[in-house]
Structures are given as structure tokens and as C-alpha cells.
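First up is the structure itself, then whatever we jot down about it.
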Amino acid sequence: MTRPKAVLIGAPGSGKSTVGAELAGRLGVALRDTDADAEAAAGKPIGDIFVEDGEERFRELERAAVAAALGEHEGVVALGGGAVLAPETQELLAGHTVVYLRVGLSEAIKRVGLASARPLLVLNPRSQMRKLLEERLPVYERLGTLHVDTDGREPADIVEEIVRALP
Ligand SMILES: Nc1ncnc2c1ncn2[C@@H]1O[C@H](COP(=O)(O)OP(=O)(O)O)[C@@H](O)[C@H]1O
Ligand SMILES: O=C(O)C1=C[C@@H](OP(=O)(O)O)[C@@H](O)[C@H](O)C1
Ligand SMILES: [Mg+2]
């Protein structure tokens, strides 16, 4: 059975896409980012999916993208921050190497402020991020088989810790 070498989870701004790309490069495999897969399936950016079709449609595309990636990708998989809320996805993650990238509220806010807009964080990003972290931290903690701190650390350093810990 094919299996990703690692599946990255964590809040927006934890670095799943960035660390995922660097980890994949370090391991000589490909990165599969389920946000990009959902965008490709819809033929438009995530922001447009939220606005034109609604969040529930995005979550549907995301569940399908995650199921496909977990079932067929042999490299590194980066999930979107909210993907783990789907019970179906939680079940599919069982038995995988799930790397939870930890990030504090202030650092997450700083990082997403530098990146492209995320629809859930457009209005009042700090309070939205706080709410989102409160809701999701227990889920990330439960699902992650490897927990890695990212605050104040370079992606290369984080990648080395993951590589050393991979089974
Ligand atoms: N360890 C890190 N230190 C500093 N900046 C980071 C780190 N990881 C990611 N970033 C930056 O934070 C932003 C969000 O990263 P991204 O990989 O898109 O996070 P995610 O996919 O978890 O939402 C990007 O601008 C990225 O360059
Ligand atoms: O946390 C979320 O619910 C979301 C996170 C985003 O991915 P990143 O975590 O890669 O930013 C993206 O899937 C979408 O904007 C929704
Ligand atoms: Mg991402």
C-alpha cells in the first residue's frame, strides 16, 4: 500500500506548505498540497470558492483532495489548516505519520499577514485566529504523531527535526 512519508497538519501560518516543500526537497519526493488540489478541482482560487460557492463546498472539495492524497501520494502531504475538522479525514489519518506543526497566536498572525489572504482570516484576523486555535488545538494534538515547535525557528531547522524523527 502506498503511503505518504509524512502528512503535515497545524494552524494557518504554522508553515505546512513551506516546511512541506522543503521537507519534500530534502527527502527527494514530491509535495502534494491539498489546498492546491482543491483549487485545481474547482478551477479557481480558494478565496473565490468561499465567496462564490461557500465554505461547505470548499470543505467538500478538501475532503476529496485529502482522501485522494492519503490514498495515492508517496511523498509529503500538506493539509489545509481546517481539514482535520472533518471526522472522515480524522479517520483516514489513523496509521499515518502525522506531523503537527505548533505555532503560537502572535507568530501565526505575523506569518499569515505576510502571505496571501485566507478567507477565514480576512476580517479581524487576531480574534479569528484565536478562536480557530482554541477550537482546533485539541484536534491537532490528538492527531499528530510527531509534534514540532516552529516559533522562532527557520524552516530548514524544522525539516531537520522531522527528518531525524521519521520512522
Ligand atoms: N518557520 C517559519 N519561520 C518564519 N516564517 C515562516 C515559517 N514557516 C512559514 N513561514 C512563512 O509564513 C507564511 C505562511 O506559511 P505557510 O507555509 O503558507 O503556512 P500554512 O501552509 O501552514 O498556512 C509564509 O509567508 C511563509 O514563508
Ligand atoms: O484553516 C482553515 O480553515 C483554512 C486554511 C487554509 O490553508 P492553510 O492552513 O495552508 O493556510 C485553507 O485551506 C483555507 O483558507 C481554510
Ligand atoms: Mg498551506
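The backbone N, Cα and C atoms fix where each Cβ goes, and this holds for glycine too.
Predicted automatically and left uncurated, TrEMBL annotations should be read as such.
In this structure, ARG153 (ATP binding site) belongs to neither helix nor strand by DSSP; it is coil. Annotation source TrEMBL lists ATP binding site at GLY13, SER14, GLY15, LYS16, SER17, THR18, ARG118, ARG153.
Cβ-based neighbour count (10 Å, all protein chains) for SER17 (ATP binding site) stands at 18. According to its DSSP assignment, SER17 (ATP binding site) is helical. TrEMBL lists SER17 with the feature Mg(2+) binding site.
Residues annotated as substrate binding site in TrEMBL: ASP35, ARG59, GLY81, ARG136. Listed in sequence order, ILE9, GLY10, ALA11, PRO12, SER14, LYS16, LEU132, ARG136 are the same-chain residues at least 6 apart in sequence whose CB falls under 8 Å from the CB of GLY81 (substrate binding site).
A distance of 13 Å separates the Cα atom of THR18 (ATP binding site) from that of ASP35 (substrate binding site). GLY15 (ATP binding site): 25 other CB atoms within 10 A of its CB, across all protein chains. Cβ-based crowding with a 10 Å cutoff singles out SER14 as the top-ranked of the binding-site residues SER14, THR18.
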